[in-house]
Amino acid sequence: MARVSTLAGTRLPRRVATLSVHTSPLEQAGSGDAGGMNVYIVEVAKRLAQAGVEVEIFTRATRSGLPPTVEMAPGVLVRHVIAGPFEGLSKEELPAQMCAFTNGVLRAEASRSPGWYDLVHSHYWLSGQVGWLAKDRWGVPLVHTAHTLAKVKNRQLAAGDRPEPKSRVIGEEQVITEADRLVANTPIEARELIDLYGASPARVSVVEPGVDLDRFTPAAVGREEAARVAARRRLGLPARGYVVAFVGRIQPLKAPDILLRAAALLPPDLRDEVTFAIVGGTSGSGLDLAGLAGELGIAGMVRFLAPQDRQSLPEVYRAADVVAVPSYNESFGLVALEAQACGTPVVAAAVGGLPTSVRDGRSGLLVNGHDPAEWARALARLLRDPRRRAVLARGAIEHARQFSWNRTAAGLLAVYRDAVSGNRSQGFELATAQ
Ligand code: UDP
């Protein structure tokens, strides 16, 4: 039986074990396996702790010499679990280490007083496997967020990208069956959980991710151009002309190659004026973008920037006239939201969560499919139309304001409260603060 504390009239867990097996919230997002999920876990954990729910995040130790625990923020502890060699294990090799990882999680709990955790929240299917066992062992509810789903990913593969193996599909099905509550980022993901994985609608809640609206802010009204030039100078980008930015992990799923192919198809006069800033590091199989730019004869149009930390990212977005998100799939698309919060319109693929994070025609443009010619047309139209960009920029700021991590944390608290109280929703619902 879960122990709960009463906070502001609602029953909440006192302490949550958050599981993030394959990537640490302490990692810099934007390369390797660190991306939106890392940002999500950090932002939400800080806010849950502020609301009085302590969070302990279990992640695999990927370097020797890491301390067993790190206090990430008041009320948020990161626990490094030793499972397999420190370095050199890919995400695909991690299933063989799940027993060791689970052992580390159970031992950590056993060393505390009985009933230390009131709830387990697992992120990604590997963590769900661990959470499934922990939930039974501790007698507490399991809340699971998939972040990505193999069946969805396999339907929208980039050319040459490896399909997710059957073992992952089975692992996801097991977790989706066993979890007490499933958190989906968007109503579309909720439908995928129900239609493709047979999740019962009563266990599915939609909690939309957010954006740090204090950090990702637009330039002051009337100062947009000056801020753009200043940001470009600091980033080493040309002060004149247009900048189209791609921010994210360099991997086939994110399709930055489509953007370069589109760059090569821009009308010649525009080509002379546009710089494509590619921000982020290699992930998984990666992509040889420098080689591709050379082959396409556009090397002079492309600048590569290393992964940027949260302090520098607003400058990247403000430096750009347009941020492009051409992914084959995104469960939500935090980059799109961050860019809009900074007042930069987004051109995004109409897939996954992107139609939620980008309001087509209001805060940016959605492009159907991944035909580089179609992308070149969309970019050219927007770059040549400063009035349209200004209207979309205002729409982007307005749209992004609806999303905040405070709202996400409030939605999760509502799910947690229901989970520890054994409540069920009547079909999938948008979880919000009460
Ligand atoms: N990111 C970052 N530095 C970079 C590139 C990306 O911090 O150089 C962050 C970005 O701000 C966003 C996250 O990584 O919060 C990527 O999330 P998104 O949902 O766009 O994609 P995912 O990585 O989840 O596929």
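Just so you know, glycine gets a Cβ as well, placed from its N, Cα and C.
Just so you know, TrEMBL annotations never went through curation; they're auto-generated.
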One of Thr69, Thr148, Thr186 listed by TrEMBL as binding 1D-myo-inositol 3-phosphate at the site of His22, Asp33, Ala34, Gly35, Gly36, Met37, Asn38, Lys91, Tyr124, Arg168: Thr148
Contacting binding-site residues, sequence order - Ala34, Tyr124, Arg168, Ala320 vs ligand 1, Cβ under 6 Å: none
For 1D-myo-inositol 3-phosphate, whose listed binding residues are His22, Asp33, Ala34, Gly35, Gly36, Met37, Asn38, Lys91, Tyr124, Thr148, Arg168, the greatest C-alpha pairwise distance in Å: 20
Residue among the binding-site residues His22, Arg168, Arg249, Lys254, Arg318 whose Cβ has the most other Cβ atoms within 10 Å: Lys254
Cα-to-Cα gap, Asn38 (1D-myo-inositol 3-phosphate binding site) vs Thr344 (Mg(2+) binding site), nearest whole Å: 23
Other same-chain residues whose Cβ falls within 8 Å of the Cβ centroid of Tyr317, Arg318, Ala320, Thr344, the recorded Mg(2+) site, in sequence order: Arg228, Ala231, Ala245, Pro314, Val316, Ala319, Asp321, Val323, Ala339, Cys342, Gly343
Rounded distance in angstrom between the Cα atoms of Tyr317 (Mg(2+) binding site) and Glu330 (UDP-N-acetyl-alpha-D-glucosamine binding site): 19
Alpha-carbon distance [Arg318 (Mg(2+) binding site); Lys254 (UDP-N-acetyl-alpha-D-glucosamine binding site)] in Å: 21
